[in-house]
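**Student:** Below you'll find the structure I mean.
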Amino acid sequence: MSFIEASSKKKKKKGMGAARFFRKVQSCCTFTLNVSPVVLLSLILAWAFWAYHFRLCLYLIGNQAILQGCLYMIFFEPLFGLTVWSFYKASRTSPGNTIDTAKQGESEELDIEEGYQDNHDSEYVQLLPSHLPARNDANHLSETDDQSNSEQGTSSSPAILSLDDNNAPIRLASSSSLSITVKRDGAKRYCQKCKMDKCDRSHHCRSCKRCILKMDHHCPWINNCVGFYNYKFFYLFIVYGSWFCIYVFSTTLPLTIRIMKQPMGIFEIDFNWLFLCFVSVVFGLFLIPFSLFHTRQLCKNRTTIEFYEKANYRLGSRQKRMGSRRQMIDIMRSRYFNPWELGTRTNVEQVLGKSTMTWFLPIGIPSGNGHTFPLNDHAYDTLAIDEVDDVY
Ligand SMILES: [Zn+2]
Ligand SMILES: [Zn+2]
């Protein structure tokens, strides 16, 4: 080996080492940046717990306001507990993504048709519109799916359309074959980064580097995406967080004002009380409008992305036959059209669960599978989904 070759190899090795080092530094910085808001919020919550109990309530108890101090504590506990519980669940629960679903599907050793036959009577009818009786046929589903895939010349990823009795996912059909949303040119929605088809309501998150099911937004405060499986927890977190801020502010401020009005009261004021007021105002001003917005979105069965962005919907063949002027139109682009709105009660049930007993607790999983969603009748009429080929 010549001297020049050896030195160029050495330089190359050095360059690769430097690149690896910078990549490590970059990933370290990214990790710190991502985790910082969660750590900050956790510290604020822990401090609020300490300050409220040991600086505010104990002050009241020690100054002949025992009942007031105890009552403040009693109402504080459930609000704080529910806020922290929802926060933990929202940040630790995966919103669901197409890559994990595909991997899960591959690892499952379930036979597609067998799985479908075992479950089609219950789950499948819920997932697809009620006025499509012919589509509740197992053979038909398989044929249509195969046909659709072969026609498009692609191998679609398996989707989970149903859960068995033990909540284990069952592969039934490709996700894309059931999509009603498409790209601007009418082609299937496909993620170049995940190298997978996108199902309805899923979007690619740059932070998570995944296509998230029923993606709402990426929240830095929980360092997680808000999507299909954790939207309920996130929603409860912001709602309880709002009530928590209102409660802390409304109990701390009057006491602070009362003490300040007393002679020499200014010297008795605890810095922690003032900071409790300040933090509850800052977070309350952010959380209250945010939770009201999400309550509206929940009742409308609409994600934040759907609220802000236009979507392209595939039109069925009936729409194309309606007139020569419409012959070429097979896409409808709209921001206000909401095919998933099923009435307030059903919309809420889809996210919070069927049982009202568990609506306000951060437990349970949402209805459905995150890949396909029931459509309303208006969507069927508007999109003219009246034929099997138009749906699958
Ligand atoms: Zn993606
Ligand atoms: Zn994300």
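Cβ coordinates are placed from backbone N, Cα and C, and glycine is handled just like the others.
Copying in the features that TrEMBL gives for the protein in this structure:
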COMPBIAS  147-159  compositional bias 'Polar residues'
DOMAIN    187-310  domain 'Palmitoyltransferase DHHC'
REGION    138-161  region 'Disordered'
TRANSMEM  21-50  transmembrane segment
TRANSMEM  65-88  transmembrane segment
TRANSMEM  233-253  transmembrane segment
TRANSMEM  273-293  transmembrane segment
**Student:** By Cβ distance under 8 Å, which residues at least 6 away from the ends of the transmembrane segment (65-88) in the same chain are close to it?
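**Tutor:** Those are 41, 45, 48-49, 52-53, 56-59, 222, 233-234, 236-237, 240-241, 243-244, 247-248, 251, 360-362, in sequence order.
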**Student:** Go ahead and report the DSSP secondary structure tallies for the domain 'Palmitoyltransferase DHHC' (187-310): helix first, then strand, then coil.
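**Tutor:** Per-class counts: 69 helix, 16 strand, 39 coil.
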**Student:** Please give the average pLDDT for the domain 'Palmitoyltransferase DHHC' (187-310) in this predicted model.
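**Tutor:** Across the residues of the domain 'Palmitoyltransferase DHHC' (187-310) the model's pLDDT averages 93 on the 0 to 100 scale.
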